[in-house]
Structure formats: structure tokens, C-alpha cells
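Quick look at what TrEMBL lists:
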| type | residues | note |
| --- | --- | --- |
| TRANSMEM | 6-27 | transmembrane segment |
| TRANSMEM | 47-65 | transmembrane segment |
| TRANSMEM | 85-109 | transmembrane segment |
| TRANSMEM | 116-136 | transmembrane segment |
| TRANSMEM | 148-168 | transmembrane segment |
| DOMAIN | 183-282 | domain 'Copper resistance protein D' |
| TRANSMEM | 189-211 | transmembrane segment |
| TRANSMEM | 223-245 | transmembrane segment |
| TRANSMEM | 266-286 | transmembrane segment |
Amino acid sequence: MTPDAFLILCRAARDSLALFLTGSLLFAGWLAPRDLGIALSARLRKFWAWGSVFTTVIVVATLPAEVSEVGDGWQDAFSPTLSKAVLVDTTIGQAWIIQAVAGVCLLLLTWRKCGAVLSVIPACLLLTATALTGHVRMIGMGAMFFQAVHLLAGGFWCGGLIPVAMLVSDTRKKKWDRSMQMALARYSAAGHIAVPLVLLTGSGLGLNILGGWPKHFTVYSTLLILKLGLTSGMVCIACVNRYVYVRNLRQKRNITASLKYLQRGTIAEIAFSAAIIAIVAVAGRMDPTTLSLPTN
């Protein structure tokens, strides 16, 4: 396996874990009512603990691959000179340091059962450090800031789907209680901010990287359009979930059917978000201006 292919796999795995760790920690620590948050934290604790372990291991494993990209392949992976150059002289190295420190802090907090309220801080740092890498670093600090906003909003939206799916599954087995209703209502209300932020920052950054709407399509621009299509699909599913099925639950209409379709819709959103992360991992290693697709 080439260093480039290895980095694509590592980025997809790392970003998936960071996204879902951040969103689920935010949901349990900050959105859910206290008793429900404690119950969710107890159930998600193993996921958080092992997720932090795997994320930290992946972060550590990416450094030799990044060094190999700078050098002449895997034979230079552990070169002290090149490793120092990557860490000190590149934004990739700066991002790696932040992610490594954040990963260790998250690992310690989750294994010591310090709770979601504190653990979400290193999780957010782990996620947003990615904004220092990729194509946005060539545009400037403003683009990096908006990329960080894009990542945080996406982390809240996509990562929060895991506890939402858990609550919906629980509700199908027992009574639809007030704490669950309140948690979903808060998630929905915050989603009215997070979803537009994801769409606006993602579209703006994509057009900025491409220099406007592409006059001819490359593999990179095609992947961005596919990402936008999947995100739009998530928005449609989220709107149906919020304005049809959740409303039915509040009004106590068609509860059984609404819970079933709400659960399916939430799982579909999780699948869409996983596909988007895979697309971003591939596109992030591409030159936006090359690899033109045939026009006819």
C-alpha cells in the first residue's frame, strides 16, 4: 500500500471517529437533560473510551506516512530529519501535534470516566485541527476558520445522530417520556443553526477552492458535487424526521409508525454521513485542477 492510500484510509477512519465522538459527547453532555445525559454517558462510555484509543493510534500512525510522502516512500518513514521538518515547518505537522495532544487528553478523560461535559473539549480540538490541513490551508486563515466551523457544525449534526438513534430505539420499547422529548427538541433546535452552517460553509469553501463554479469537471469537483448531493439528501431526511415524525410524536399521532420511520431515517442519515466522510478523505488528497473527466 502506498503512503497516499494509507493516509486516505487513516483520514476516513480518524474523521469518522472524531465526528461521532464530538457529536455524541455534545449531545450527552450539553443537550440531554441531566438524568438522561448521565444514562446516555453510561451506555456510550465504552464507545468513547475505545474510540479515543483508536483515534489516537490512527493519529500516531499518520506521521510516518506523511513523512514518507515528503521523502522517497516508506523507507523514509522514520527519518528523524524529515520527521522534524514535517512537525516544525508544515501546517500538517502543527495539526498532527494538536491532534496527538487532544487524542491523549480525550483518552485519559474517557478512561477515567470524567464525563461528557469535559471530554467534549479535546474531541472538538481533535476534529477542528483538520482545518489546518488540506486545500483550505492554501487560501488563508479565514478559510481555515470557516473550515473549523464547518467541521464543528457537521460533528454536532452527524455525531448527534448516534444518541438520537439510541433514544428512538429505546422509545420503541417503552413510553415516550418527557426527557427524551426535551433532548430531541434541543437537538432539533440547535440543528436549525448547525445544518445551514454546514451547507453555507461547505459550499463557500468548495467554490473558493475551485475558483468559482467549474468550467470543466475534474474528479475533484465531481466528488464535491456528489458530497453536496448526499448532504442535500441528509437535509431532506432530517426535515421529514423533524416536521413529520417528531411532530406526530408530540401530538401523539401514529406513534408506532412514526417511531419506526424516524429510526430508519436516522440510520439513513448516519449512512449518508459515513459516505460523505469517505468522499472527503479521497478528495482531500487530490489536486483540484487536474484529473479532468471526459465531457462527451
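For all residues, glycine too, the Cβ spot is worked out from N, Cα and C.
Just so it is clear, the model here is predicted, and its values are computed rather than measured.
Long-range contacts of the transmembrane segment (189-211) within the same chain: residues 31, 135-136, 139, 143, 146-147, 149-150, 153-154, 156-157, 160, 220-221, 224, 227-228, 231, 235, 238, 242, 288, each at least 6 residues beyond the stretch ends and with a Cβ under 8 Å from a Cβ of the stretch. Taking residue pairs at least 6 apart in sequence, the transmembrane segment (6-27) and the transmembrane segment (116-136) share three or more C-beta contacts under 8 angstroms. Counted as Cβ pairs under 8 Å, contacts with the transmembrane segment (47-65) are highest for 6-27 among 6-27, 148-168, 223-245.
A mean pLDDT of 90 is what the model gives for the domain 'Copper resistance protein D' (183-282).
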